[in-house]
Ligand SMILES: [Ca+2]
Ligand SMILES: [Ca+2]
Ligand SMILES: [Ca+2]
């Protein structure tokens, strides 16, 4: 057989070679298969035999292949058939990869989305969402959902030591060891008594305040002497004890040394008693005058009791933290050494918190603007179970209201009634000021004094109280304005 005989489509007809049936000789003299009516999207590879290009089918390759209907499906998400081919599409939040799969778009990482200021972006497969920041939770209020701070202190999710105060803050909370304890707040240990630092307070220390009170007392004395007031001949009841308790005590202690000295001291005491009597009477007159001028209402029983004025009758006062020369301080609660006899009210909306000042001059009690909501109330009570009846007391305290619409500070005096004694709603500046309340003890003695903070709608600042003193006698007007 010749080489030509092996050509496709070449046939022997007797001794003659010609193109086979279904084949035709082309212009180059080679037999070529013929397809009728032809191959539209393919090539003719044999008589009436088409080989279709990809994406086409049918006898003459004129039909499109629907790839989207073929298993396995060529696309992961969406397939769209086209003439001769197909296209893959991905659902939103995804992107088409070169291998026709769909991958998640990390919207948070790409920076394509911006969550509201109080939320964070969380990527999900095919999407993302804006979640409340850690420490906040979604709550419905005033017509919409909003991320609000979780009060960890109120829901007891905090891990503060039992000897620590939990201070809630926006998005977080703090554990702070109570006074008398030290540590990181999660663990607090007792500070040994003698290591408690004595730090001067700002503005004006308690000692300063006492100095001022004594100055007032001395000036009153001088006034009395100048007036040369004669004691009432019929005589009011003499004070039980001398008006100069410290001198009295000193005399007694020295008196033990020798008989001679003792005699001298007795005279001294007698003198002191006389002086005290005179002073008291004079002061009483002075005070009565002052009262009538001020229009204060005082029971006449006070005068009869012979228990007036700044010259104080020495007696053992309960809760006495500090007895200073000539001044009987019933309660001194500067908050530096614990909260004294103060108690947090259990039925209010929030607690007062101890806070320390930036320049480390000791603690005070505060209601930060973060505490509670508008109109919420927090009460701090000073219990006074053994206050002497029918006597005067002066309550002095430092306070400040900082921040726009931070709220109100009120002081209630509680005996059988609860009487609003003092109120401050706003402050022109951030400085500490001194408040004073004159208390008269009738038969119905004061059981407690309540400092009540009512929150405003302001979000910054604080309502703070410090250096609370309860002193026997009348308040010395105008002397205790603290500068700074
Ligand atoms: Ca197709
Ligand atoms: Ca995503
Ligand atoms: Ca919080």
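From the backbone N, Cα and C atoms, a Cβ is placed for every residue, glycine too.
Automated prediction, rather than curation, is the source of TrEMBL annotations.
Residues or ranges marked as domain 'EGF-like' in TrEMBL: 64-103 (among others). Computed over the domain 'EGF-like' (64-103), the whole-number mean pLDDT of the model equals 93.
According to TrEMBL, the feature domain 'EGF-like' maps to 104-142 (among others).
Sorting the domain 'EGF-like' (149-189) by DSSP state (H, G, I as helix; E, B as strand; all else coil) yields 4 helix, 18 strand, 19 coil. Taken from TrEMBL, the feature domain 'EGF-like' covers 149-189 (among others).
Residues annotated as region 'Disordered' in TrEMBL: 227-268.
Annotation comment: TrEMBL describes 259-268 as compositional bias 'Basic and acidic residues'.
The feature domain 'MAM' is assigned by TrEMBL to 331-477.
Across the domain 'EGF-like' (104-142), the DSSP tally of helix, strand and coil residues reads 4 helix, 19 strand, 16 coil.
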